[in-house]
Amino acid sequence: MYDVDGFCDAEKFRESDESVYPTNTSVVIRVALTILLRAGFLLVQVGNIPVSNVNLILLHNIVEITWVTICYILMGSAVASTGDGDGFLGGGYWIGDDRIDRERIVIIWQRVLVASGIFTNCIAGRMHTVGTLVIGIVFGGFLQPLIMHWGTNGWMIRNSVRDGTSGFIDDGGGALVHATGGLLGLVGCLVLGRKVDGTGVDANAGVTFAGYFFILLGLQSLKMSNPSGEKFPSNEGETHLTMINNLLSISTCAIVTIAFHFFGGERFNRETVMRCVQGMIAGDVVVSAGANIYPPYVALTLGAVNGIIFYFTVRIITQSAVEDYCNSISIHLVSGLLGALVVPFFKKSQDKFNVINSLLDFSWQLICLLSIIGAIILIMTSLFMGLRCCGVLRNRSEHLSHLRAAVTNGQTPRSLIQRLFYPDVQASLMLPGTQPSRESETVTDSRSVKHESSVARLEMPDQGIIDSKVQHNNAVVVQPESKLRKVRNIHTIRSMDNFENNTPMSIMTTHELHRTFSTMDISKERSIEHVDVEVLVEPRFSLESSESEENIFHRKNSVTRYQWEVDLGGGDRSLK
């Protein structure tokens with residue numbers, strides 16, 4: 001007999017399944033696009049950041065992604081998305097509580113991971129592992145979830161300067177995601193300071209280009225609607241308008257960036273081409289705050305204006321002391337703030353446009369942005385300085401690169417007389433070559449013996465000992481088949497030939513010297529005066545000056561004579 005009740009129950013079950021499928025599918029797509037975006041960040045970092053060991057970037061990303069995810073799910077979810085709809089903090093329900101909205105937790109996890117990836121673009125391969133873990137637990141477990149709570153379900157959604165109904169507007173994360181990640185990256189770059197690294201970027205330009213397209217595709221997940229209908233910054237189903245505005249802004253910003261390079265007479269090399277591709281990302285970021293509410297002509301205009309601002313911002317930052325190799329500050333921070341400041345004038349409202357109301361909305365938007373910026377600068381700057389004082393801010397290679405930059409800029413805290421006759425106990429005196437043999441101890445500079453332990457701490461454990469001998473005039477002869485020490489900071493006391501000022505130098509490994517020598521055009525000969533320790537090097541080695549782009553060579557039929565007085569000064573010695 002036909003079971004009508006059973007058939008009805010089955011139909012009800014089927015209908016409930018259909019109502020659940022869209023939500024489940026959107027969550028899976030959101031997670032997949034987020035992972036694709038982080039893969040794009042990784043390809044961009046490998047293709048733009050010069051490091052001596054690319055594994056540092058890979059390890060940093062793996063540790064950062066997994067650690068931030070753990071910290072957010074276990075800690076940040078209680079701050080960002082549970083309870084207290086209009087307050088400062090969430091209700092504090094744990095992830096296992098049945099009262100929480102797990103879909104919302106996934107959405108905010110996506111935004112936390114994207115903001116953390118933007119920050120990683122600025123400091124990848126430079127930070128100590130302990131510092132990475134500490135920043136991950138503070139940023140992913142507290143600060144970014146707190147900011148997300150403020151802007152989506154906290155005090156910012158009520159406009160206190162107007163009528164309390166229209167609050168902070170940021171549908172696609174222009175300020176809550178892009179600006180926060182870019183600002184944190186700026187703070188990190190400023191605290192880490194400059195670096196001088198002799199390594200270059202060996203990644204394929206096509207791979208880096210593909211990484212930017214992965215980022216562009218992954219950023220669309222920030223504009224996906226929320227199927228559950230929960231109050232959250234989303235497009236609220238207006239997908240078509242959102243995609244049209246995205247395409248207009250992306251295309252316009254990229255075209256304007258290309259036009260400035262073309263009419264400015266710049267050569268289209270790898271750097272300029274990648275900058276034009278970055279203009280596409282900047283175009284997507286600038287409309288993210290209101291992509292679902294802008295008229296198409298506004299998106300077109302905003303993309304063009306942002307292209308101009310992006311071009312000049314990149315040039316300014318490139319010439320500054322900020323080491324932002326991926327231009328994340330210009331792409332995410334500047335573009336995100338610009339879009340967040342424009343969106344209050346085009347907000348959705350049943351009322352007609354009113355200048356007074358628009359200015360009040362803009363004032364509240366500005367107050368919210370200043371609150372976000374102040375919280376990030378106050379908390380994260382204090383954290384970075386604390387890590388610096390504890391000696392766990394920079395990794396080993398970054399520490400040496402930073403010391404090299406300090407010597408290059410002439411920022412040694414001690415005077416010339418102190419460096420010559422009163423070396424600091426914490427200073428590391430490194431001579432070209434290695435410690436001489438026992439038979440040469442009588443003619444070796446006493447300071448090298450005094451600081452032998454400091455030199456040993458800075459040496460790579462597997463670095464080979466070169467073959468050398470000491471002559472009567474304190475000259476160390478470096479054999480062609482031997483190895484030189486890893487990159488060192490060298491500073492001359494006297495001037496050289498046409499250089500009247502002290503010129504910072506650097507010594508590279510034999511392999512790096514061979515590679516540099518083979519790619520350079522030896523057109524001028526310069527002599528270097530003797531100062532303290534004379535090193536006789538075979539002509540195939542080269543010496544690079546970090547003060548000018550021109551490499552200094554002195555090539556003779558037999559040997560070339562170089563001489564340096566080496567002093568790194570004090571600094572953070574907690575190298576891991």
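In case you wondered, yes, glycine gets a Cβ from its N, Cα and C as well.
Straight from TrEMBL, the features:
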{"type": "TRANSMEM", "residues": "27-44", "note": "transmembrane segment"}
{"type": "DOMAIN", "residues": "28-398", "note": "domain 'Ammonium transporter AmtB-like'"}
{"type": "TRANSMEM", "residues": "56-75", "note": "transmembrane segment"}
{"type": "TRANSMEM", "residues": "106-124", "note": "transmembrane segment"}
{"type": "TRANSMEM", "residues": "131-152", "note": "transmembrane segment"}
{"type": "TRANSMEM", "residues": "172-193", "note": "transmembrane segment"}
{"type": "TRANSMEM", "residues": "205-222", "note": "transmembrane segment"}
{"type": "TRANSMEM", "residues": "242-263", "note": "transmembrane segment"}
{"type": "TRANSMEM", "residues": "297-317", "note": "transmembrane segment"}
{"type": "TRANSMEM", "residues": "329-346", "note": "transmembrane segment"}
{"type": "TRANSMEM", "residues": "362-387", "note": "transmembrane segment"}
{"type": "REGION", "residues": "433-452", "note": "region 'Disordered'"}
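Residues 29-30, 33-34, 36-44, 46-48, 110-111, 114, 172-173, 177, 246, 250, 270, 273-274, 277-278, 280-281, 284-285, 288 of the same chain, all 6+ positions outside the transmembrane segment (205-222), place their C-beta atoms under 8 angstroms from a C-beta of that stretch. Here the transmembrane segment (362-387) has long-range neighbours at 128, 130-131, 134-135, 138-139, 143, 146-147, 150-151, 156, 159-162, 166-169, 175-176, 179-180, 183-184, 187-188, 191, 337, 340-341, 343-345, 393, meaning same-chain residues at least 6 beyond its ends whose C-beta is under 8 angstroms from one of its own.
Residues belonging to the domain 'Ammonium transporter AmtB-like' (28-398) score a mean pLDDT of 86 in the model.
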